[in-house]
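Pulled from TrEMBL:
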{"type": "BINDING", "residues": "H228, D266, L267, D295, G296, N329", "note": "S-adenosyl-L-methionine binding site"}
{"type": "DOMAIN", "residues": "139-414", "note": "domain 'SAM-dependent methyltransferase TRM5/TYW2-type'"}
Amino acid sequence: MTTKLSVALIPVGVRGMKVLDRQKFLRNVIVPILKVSEEKVSNITPICKNYLLKLENFKPVQSLHGDIEGSNRKCIHLNPEKINRWKDITEEDRQSLKKYDVTEENFDSKEIQLTYENFKYDVIFKTVLPENEDIVSGFSQIGHIIHLNLRDHLLDYKPLIGQVLLDKIKTCRTVVNKSNIIDNTYRNFSMEVIAGEEDFVVTVKENRCNFQFDFSKVYWNPRLGKEHERILQFLKPGDVLFDVFCGVGPFAIPAAKHKCKVFANDLNPDSFTWLNHNAKQNKVDMSLFNSYNLDGKDFICTVFKDYIVKLCQGKEELNENTTIHITMNLPAMAVEFLKYFNGLINDQSLVDKYNFKILVHVYCFVVGGDPYNVAEQSVKGNIVDTYGIHISVFHVRNVSPKKEMMRVTFKLTRNIIFGLKTELEFDEPPSKKLCVEEKM
Ligand SMILES: C[S@@+](CC[C@H](N)C(=O)[O-])C[C@H]1O[C@@H](n2cnc3c(N)ncnc32)[C@H](O)[C@@H]1O
Ligand SMILES: *[C@@H]1O[C@H](CO)[C@@H](O)[C@H](O)[C@H]1NC(C)=O
Ligand SMILES: *[C@@H]1O[C@H](CO)[C@@H](O)[C@H](O)[C@H]1NC(C)=O
Ligand SMILES: *[C@@H]1O[C@H](CO)[C@@H](O)[C@H](O)[C@H]1NC(C)=O
């Protein structure tokens with residue numbers, strides 16, 4: 001067989017298409033095939049696995065139409081990008097094929113028709129959009145919503161890009177272009193529907209819980225699932241979680257399912273509504289679950305403070321091994337909220353009663369410098385007494401080329417809570433009213 005089959009299995013003549021015309025993707029190509037007996041096809045196919053013609057919605061093994069009368073043969077389609085001639089199959093594989101009576105005699109070619117259905121979205125974008133454009137960068141899926149970050153010069157291609165994604169990604173019903181307009185407080189952003197339904201209420205699964213929310217009104221980032229899981233692994237049943245900036249509950253809901261006592265707070269009324277909805281949907285034990293719609297500062301200075309005071313007074317009980325965790329995921333400003341812990345309790349008669357293990361997990365963004373060091377310093381700069389406290393810093397994720405998201409974990413000591421300063425012999429005597437002015 002000498003015919004040159006070499007052909008790339010991509011659409012042709014579609015570059016610059018702005019309105020999706022599926023007919024234009026029709027294309028006839030000649031592909032190599034093996035005609036083999038039906039009884040042996042299950043032995044033969046595995047030998048051909050490196051050469052099979054793999055396309056969307058296409059079966060590489062089909063019955064052979066118009067074959068010799070009475071014979072029951074199958075047709076194995078091979079990839080013309082890999083195979084032109086019988087000899088392109090490796091010597092070893094040809095030997096294996098021979099054991100099943102497959103030789104050059106069985107090798108042939110056939111014309112097939114490729115359609116829009118046979119191409120994946122990335123192949124379509126590569127052949128339609130201006131060359132060297134990576135449109136799928138910054139592409140994420142949240143429930144049924146696909147979220148793009150399209151650059152300006154793709155403006156004309158918006159309807160096509162949206163429709164192709166709707167066609168190709170079965171779980172996608174809505175395609176949006178994310179806009180720069182981010183709500184700085186609630187961390188949500190406005191979005192423009194470029195294809196599909198204008199429905200922003202999504203359902204996503206994370207850490208074995210289902211979360212439902214209106215993605216246009218609350219914060220959700222699918223890239224934080226792993227970090228949520230890491231924190232959840234620190235929590236033991238019976239532990240207590242204060243989540244100061246809880247969103248729709250990715251720490252709080254799984255923690256409560258894990259039998260932790262949870263105090264979850266978010267300033268955004270929509271987050272609060274969906275948080276409570278998610279608690280119900282996931283059937284959390286409501287006796288373990290408390291939710292608040294407060295500013296983080298007020299949450300710390302009332303809900304958290306009251307709980308710790310009650311613990312000191314013996315009005316709340318804790319097992320001896322219990323850890324109290326505080327999560328603060330508002331990376332742009334969470335470290336600023338640490339100052340509310342300084343001298344939070346001023347009743348000095350409770351100092352001796354305070355012997356709890358409280359861990360703070362606070363997040364921050366670092367741009368430039370050694371991110372570990374910068375993160376540690378920005379935490380230390382906001383707490384009164386850093387003497388002897390152990391701070392550990394963890395790299396969560398890379399946000400953009402120069403921006404890192406870090407987590408700083410440290411123990412909330414008695415000195416911080418009561419506004420005391422460790423007295424070192426060589427220090428000045430500490431000011432008695434230290435940090436009391438920080439109190440509201
Ligand atoms: C980055 S999101 C984190 C949400 C969630 N913890 C997560 O990991 O997905 C920060 C959240 O803090 C809330 N927030 C912003 N400012 C706040 C404040 N001053 N007090 C309480 N919550 C605030 C926002 O509404 C948003 O839901
Ligand atoms: C998508 O949104 C961004 C941010 O608002 C905007 O700059 C860009 O022009 C939009 N892209 C298209 C193709 O409309
Ligand atoms: C963010 O969500 C709030 C409601 O939670 C909404 O009023 C606001 O318009 C949204 N902001 C943006 C930029 O979409
Ligand atoms: C606390 O931990 C210690 C050591 O792991 C264990 O021996 C003890 O039984 C635990 N106490 C409770 C109340 O779980």
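Backbone N, Cα and C atoms are what each Cβ position is placed from, and that goes for glycine too.
Note that TrEMBL annotation is computational and uncurated.
Annotation: D266 carries the greatest number of neighbouring Cβ atoms among the binding-site residues D266, D295 [cut-off 10 Å, Cβ to Cβ].
Take the CB of H228 (S-adenosyl-L-methionine binding site) and look out to 10 A: across all protein chains shown you find 21 other CB atoms. Residues from the binding-site residues list (H228, D266, L267, D295, G296, N329) with a C-beta closer than 6 Å to any atom of ligand 4: none. Whole-number maximum of the Cα to Cα distances across the S-adenosyl-L-methionine-binding residues H228, D266, L267, D295, G296, N329: 22 angstrom. Sequence-distant contacts of N329 (S-adenosyl-L-methionine binding site), defined as residues of its own chain at least six apart whose C-beta falls under 8 angstroms from its C-beta, comprise L224, D243, F245, G247, F251, Y363.
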